[in-house]
């Protein structure tokens, strides 16, 4: 790393011939729109609308293409996830609010960010459209070409310095730090290049007749069918023994798959978290260099005053504070990163656990007000969740890092620095007095519970009872006990209130990145917008990907197709016959007559329906 002044000087000198990330984003819309138009023209419409001049010109062509099914896509999941990962740099570009194409007032920044988000989505639309298109040969060529353009632009941005208005935080990155910032997206683009090349080779072999074409995407996925089969089987009498990893951490379920939306969200969250940590570290290096310069000026002042100035003790304390802060902030990067990474894996585990509970009809794990959420809010939540999850992780990492740094500062000033300054005995004395005070308070609270259990409750009604019944005994002593402890509990409540506030702050900041768990109290969960998005997303997935419901719909679809096929075959047979056409009713009655003649006992079991002549028909058969 260069010194800060020299680094900024080199940055300003190399910005002239650089690749502007914002400019590249604007120009990438040209090939993106071209690819979207080509794929839309190739797509055929299922239902013809009212004919007009445009429809006569295009025929059945030009249909709106879908980049990704956010609800029911379970195939090609990792390709979609990597495609989401390729957008990481531009997502961080928007997150830093470096997108400023127009000079507009501050109150309209939300519209600028909306336009920026739509522009980023449009620039990466070809990746998803080419992966999901039915025309594999054409889409693979277009996807490979567009991926190569983005890879070349990203590689040029990695080798050259970014423009200062492209991303303000990147002005502190040097040469190697810039490579560290760009390599995840470049790796994702390299994977997409290989994926589109594989699609091209496979579709070309199918086009030449060397391979059979791929089967149509099934309505019922294989893992969903296996889940229904497992429900219909009898559960084993004795479950198999699970390992420690399966019991405590995660157990793989072959009958469950995460949708592409969840895979893409986690991949993009990982890459954005990595980029955020890199940016934060570079900011830390810059601030550390500035503090080193400031410490040098303070040392020069102390040396000039021969350490006899009135501000010398204060300056020494300030130097110690800066030194401790730098060390604590650097050390806490690792635990804060590990906490957020563990949250990402835990979110996947919670998603599977919550979905299985909803499939089983269990809603008790949700607050009562979320048992019947609004349909409109749930539909919006499916679009909000992924973006909000990434933002929660990034902000959660920063907040957790700050909280862990404050805890580290308390440990340093409470335990480590007193020992360094030869004040260990005083520190141990204060620590012992504080521990003893807290222990006595807790002991008195436990003693109150023991006295209540031993003297103020009636004995158990049965030996099998786990605890005594809630029935008072020794009432006179009980009322005196409450009276004398009333005034003490007022003072004890002050400490309990502060402990409640402290625990709430610690848990709230520690779980701020957990969107699957609300940090609000019971009854106020509706104020947690992130938790609302999580619940809405769960309900949308539950209603559209429930294996039992999908299996039932699949049975109906297959039955409908079979009936249509049988009807088509029958009509074809009748149309191909050379003799006179026979009505279906006449043919049915003739078969009925044949059956009753061969089985006379069935004649007496027939129901007589008025108006259909069944009674006369039966009498004729009996006379025969």
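For all residues, glycine too, the Cβ spot is worked out from N, Cα and C.
Where the annotation comes from TrEMBL, it is an automatic prediction and has not been curated.
Taking TrEMBL as the reference, the stretch among 24-43, 44-63 described by the feature transmembrane segment is residues 24-43.
Cross-referencing 141-160, 201-220, 221-240 with TrEMBL places the feature transmembrane segment at 141-160. Sequence-distant contacts of the transmembrane segment (327-349) (same chain, six or more residues past either end, CB-CB distance under 8 Å): 250, 258, 262, 266, 269-270, 273, 277, 280-281, 284, 389, 393, 396-397, 400-401, 404-405, 408-409, 412, 510, 513-516. Counting Cβ pairs under 8 Å that are 6 or more residues apart, the transmembrane segment (436-457) and the transmembrane segment (392-416) reach fewer than 3 and are not in contact.
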